[in-house]
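Engineer: Before anything else, here's the structure in question.
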Amino acid sequence: MEFSTKTEILQEQQAGAQLFVCTEEAQLNHPTALALLSSLEEGQNFADTKIPTGNGLQAVAVCCLKSTGRAALNKAAAEAAKWAQNQETVNVDVHAFEEAQAAAVAEAFAIAFGNAAYRFDRYKKEAKPAKFAEAVFHSAHEAAVKEALRVAEAQVYGQSLCRDLGNAAPNECTPEFLARTAKAEAEKLGAHAKIIEKDYIKENMGSFWSVAKGSVEDPYLVELSYFGAADKEAAPVVLVGKGITFDTGGISLKPGLNMDEMKFDMCGAATVISTFCAAVKLQLPINLIAVVATCENMPSGAANKPGDVVKSMKGLTIEVLNTDAEGRLILCDALTYAEQFKPKAVIDVATLTGACIVALGHDVSGVMGNNQDLVDSLLAASYNVDDKAWQLPLFETYKDQLKSNFADIPNIGTPGAGTITAATFLSYFTEGYPWAHLDIAGTAWKSGAEKGATGRPVPLLLNYLRNL
């Protein structure tokens, strides 16, 4: 998908499909668009038609915005994107808006167009590429719109990378594949990448290794780094991602129904890799590090057993009461590893608990943390781009649900508040820095007819990083 800008006002008979984005009060200098705007009934905000030209029929559409809030923008843009899929090139006129609004409209519509054009068909014999290939935005505020399109392009790139990684089959997207892809993508953008292999993990990260040793696939720890701040020594933001490339549940085996979707259990890692790369693509003036722990969770003679006690990198011992609560076992060591960077903030991202879906459904990510300013910044970013998230509490009393007779802590709590007790477990390993946890179990992918990775919460995290 290509985006570009022009300052000219669209006229009748001009080549290419035409989309006018405006308000109800807009004075459109285009008879067909004006007629479409006048035809909108109560509750409608989109109308389209085709008009004859010397080269055949031309598609013309109007999208009338009742609000320029991001949620309303995203909804309107998604509707327009469905129409745009049938065009090759769409000219989008946003002359009805002043500079800031024109930029916001262009960004939202470009992101919707880019995401709608996404295809994942590399395993199919006959691929069907998207017809829609180019969007040209027309505005008097060309510089502001051009910058908005630069941001949109980076977000679409990040979400598409995240979706590609999530959608990849688990026999292709092994821990090694995920690690090598992260390294290659980061280095292509000029960032530094380091892959840490099995021997280090086995020797230093006992909790992580306890999960990984059940699989024939080796585990990897990936470290990506980018120093874009004027002060290269300034404390970085560290993103930490859970990369379980397939989760059977281990000895505590999951039910067979829908187990194929457990290839998406690495979407936290995919989000972290993709957000990092999008931030580097934008050349944000920040110092940023991404840490990804990746392995499989498989049942075997070498796998964790319920009742096993393992020692974390921090030194705390963990009683494994359920081998299907493995994400926190690899994350806790990755979070301890992050301490060495003396971070400004650490944000971990994980498809951690089914309980989060019970609490918040499939449209809202859960946010928890030990620093309210950091949590508030993430919630603000969520609102800015309409990538919904909601804070859950982390009261000290939840630690009462994490008691073990045989180790320092168990890997699951007593029944109730499963999302919170999982985050409470992680909080034992994040005492040395400001930390927030994003549980994306409900938002990272869709099931059913639209099955596939969503690329969320890349929009939220990228907006957070842009506003540092």
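Note: Cβ is positioned from N, Cα and C throughout, glycine not excepted.
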Engineer: Determine which of ASP247, ASP260, ASP387, ASP400 appears in Swiss-Prot for the same Mn(2+) 1 site as ASP324, GLU326.
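Structural biologist: Of ASP247, ASP260, ASP387, ASP400, ASP247 joins ASP324, GLU326 in the Mn(2+) 1 site that Swiss-Prot records.
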Engineer: What does Swiss-Prot list, out of ASP218, ASP265, ASP348, as binding the same Mn(2+) 2 as LYS242, ASP247, GLU326?
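Structural biologist: Swiss-Prot lists LYS242, ASP247, GLU326 binding Mn(2+) 2, and from ASP218, ASP265, ASP348 it also lists ASP265.
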Engineer: Check the Cα-Cα distances from LYS242 (Mn(2+) 2 binding site) to the recorded positions LYS254, ASP324, ARG328 and tell me which is shortest.
Structural biologist: ARG328
Engineer: In sequence order, which residues at least six apart in the same chain have a CB under 8 Å from the CB of ASP265 (Mn(2+) 2 binding site)?
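Structural biologist: Spatial neighbours, sequence-distant, of ASP265 (Mn(2+) 2 binding site): LYS242, ILE244, THR245, PHE246, ASP247, ASN297, GLY327, THR351.
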Engineer: Ranked by the number of other Cβ atoms within 10 Å of their own Cβ, which of the binding-site residues ASP247, ASP324, GLU326 ranks first?
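Structural biologist: Of the binding-site residues ASP247, ASP324, GLU326, the most buried by Cβ count within 10 Å is GLU326.
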Engineer: For LYS254 (active site), what residues in its own chain, 6 or more apart in sequence, show a Cβ-Cβ distance under 8 Å?
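Structural biologist: LYS254 (active site) has long-range Cβ partners ASP247, THR248, MET262, ASP324.
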Engineer: Of LYS242, ARG328, which of the recorded positions has the most Cβ neighbours inside 10 Å?
Structural biologist: LYS242
Engineer: What does DSSP say about LYS242 (Mn(2+) 2 binding site): helix, strand or coil?
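Structural biologist: DSSP call for LYS242 (Mn(2+) 2 binding site): strand.
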Engineer: Would you identify the secondary structure of ASP265 (Mn(2+) 2 binding site) according to DSSP, in three states?
Structural biologist: helix
